[in-house]
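Visitor: Mind looking over this structure? Questions follow.
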Amino acid sequence: MATDKDAMFTFRGYGKNFVRVLHVTRTGNIHHVKELEVNTQLSLYSDKDYTHADNSDIIATDTQKNTVYALAKQNGITNIEEFAMQLAEHFLRNDSHVKRSHIYIEQVQWKRMADGKHIHAFVSCPEVTRTCRVIQHKNEKPLVTSGLKGFKIMKTTKSSFTNFHKDEYRSLPDMEDRIFCTVVDATWTYSSLRSLDFDWAWNTIKQCVEETFAGCPKEGSNSPSVQNTLYLTQKQVLAKVPQVDEMTIALPNVHAYPFDFSKLPQLNIKENNEVFVPYDKPSGNITAALKRRHISKL
């Protein structure tokens with residue numbers, strides 16, 4: 001068996017995952033709802049719980065779960081970023097033996113019925129999941145990462161892919177016009193949190209994703225490659241949300257190929273641009289992180 005001198009921890013952490021919270025804010029007869037799934041993780045200064053079976057410093061994962069509900073009741077939930085920062089700061093402030101707190105939250109989207117006018121009835125809107133991650137060390141500022149995931153979007157024209165590299169294994173032809181379908185996963189960090197409206201930032205960034213991908217409603221916009229669309233989205237975000245310092249986007253290709261009607265010669269179909277077969281595997285995976293340049297003032 002290896003001794004303590006032979007090995008060392010490179011990471012330690014424990015917490016509670018999948019803590020589900022539904023919070024209702026009642027402003028008179030107008031109600032607001034937020035549904036969250038929260039993961040907590042704490043790292044302690046001591047490793048005696050691992051190495052010496054000494055549990056005296058452990059904040060039980062059940063206690064962490066209860067803390068989520070307690071702070072939701074005491075503070076309310078304005079947005080997931082502020083709630084995550086409150087949780088992270090709580091564990092660091094209340095427990096001197098905690099050196100690092102890590103909070104991850106996913107928010108389920110709900111929208112009001114009656115075209116957004118109903119005061120207390122909602123419909124689930126699972127088109128996109130809002131996310132945030134807060135990591136904070138003792139006596140340091142929190143690192144806040146916001147995001148969106150599972151945002152499946154598609155356009156049926158104005159997407160091409162041509163003039164790409166040729167070698168002996170290439171079988172894909174140039175495509176002047178194709179279906180472009182993807183599931184957007186994006187995260188971004190902030191250079192400053194001062195006076196930042198997290199809801200405004202998230203909604204603005206989601207709008208940037210949609211507008212860059214789709215273009216204007218009647219004309220659309222050309223996508224010569226997934227890579228270019230991804231980059232233009234990031235540029236748009238950095239231009240519209242000055243607090244964003246870096247943005248990472250992943251755009252997997254969700255392919256849809258025309259059905260081969262040559263297998264059914266009795267139908268005598270010569271052309272097909274209406275019937276497609278969606279494929280999710282294998283898929284292309286295009287990703288990039290774009291960071292704002294900080295020019296020295298020296």
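Placement of Cβ uses the backbone N, Cα and C atoms for every residue, glycine included.
Pulled the feature table from TrEMBL, pasting it below:
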type     : residues                                             : note
ACT_SITE : Lys16                                                : active site, charge relay system
ACT_SITE : Thr61                                                : active site, charge relay system
ACT_SITE : His255                                               : active site, charge relay system
BINDING  : Thr61, Asn253                                        : O2 binding site
BINDING  : Thr61, Asp62, Phe161, Arg178, Val226, Gln227, Asn253 : urate binding site
BINDING  : Thr61, Asp62, Phe161, Arg178, Val226, Gln227, Asn253 : 5-hydroxyisourate binding site
Visitor: Need the DSSP three-state call for Phe161 (urate binding site) to compare against my parser.
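Guide: The residue in question, Phe161 (urate binding site), is strand (DSSP, three-state).
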Visitor: With every protein chain in view, what's the tally of Cβ atoms within 10 Å of the Cβ of Lys16 (active site, charge relay system), excluding that atom itself?
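Guide: Excluding its own Cβ, Lys16 (active site, charge relay system) sees 19 Cβ atoms within 10 Å.
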Visitor: Taking the Cα of Asn253 (O2 binding site) as the centre, which of the recorded positions listed as Lys16, Phe161, Arg178, Val226 lie within 10 Å of it?
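Guide: Matched recorded positions: Val226, sequence order.
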Visitor: Below 8 Å Cβ to Cβ and six or more residues apart, same chain only. Which residues does that give for Gln227 (urate binding site)?
Guide: Ile286, Ala288
Visitor: What span in Å does the urate site cover, taken as the longest CA to CA distance among Thr61, Asp62, Phe161, Arg178, Val226, Gln227, Asn253?
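Guide: Roughly 52 Å, rounded to the nearest whole number.
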Visitor: Using C-alpha atoms only, work out the spacing between His255 (active site, charge relay system) and Thr61 (active site, charge relay system) and round it to an integer in Å.
Guide: 42
Visitor: How many Å lie between the Cα of Lys16 (active site, charge relay system) and the Cα of Thr61 (active site, charge relay system)?
Guide: 5
Visitor: Among the recorded positions Thr61, Asn253, which residue has the fewest other Cβ atoms within 10 Å of its own Cβ?
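Guide: Looking at the recorded positions Thr61, Asn253, the Cβ with the fewest others within 10 Å is that of Thr61.
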Visitor: Validating a neighbour-count step here. Other CB atoms within 10 A of the CB of Asp62 (urate binding site): how many?
Guide: 9
Visitor: Please state whether DSSP places Asn253 (O2 binding site) in a helix, a strand or coil.
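Guide: Note: Asn253 (O2 binding site) is in a strand by DSSP.
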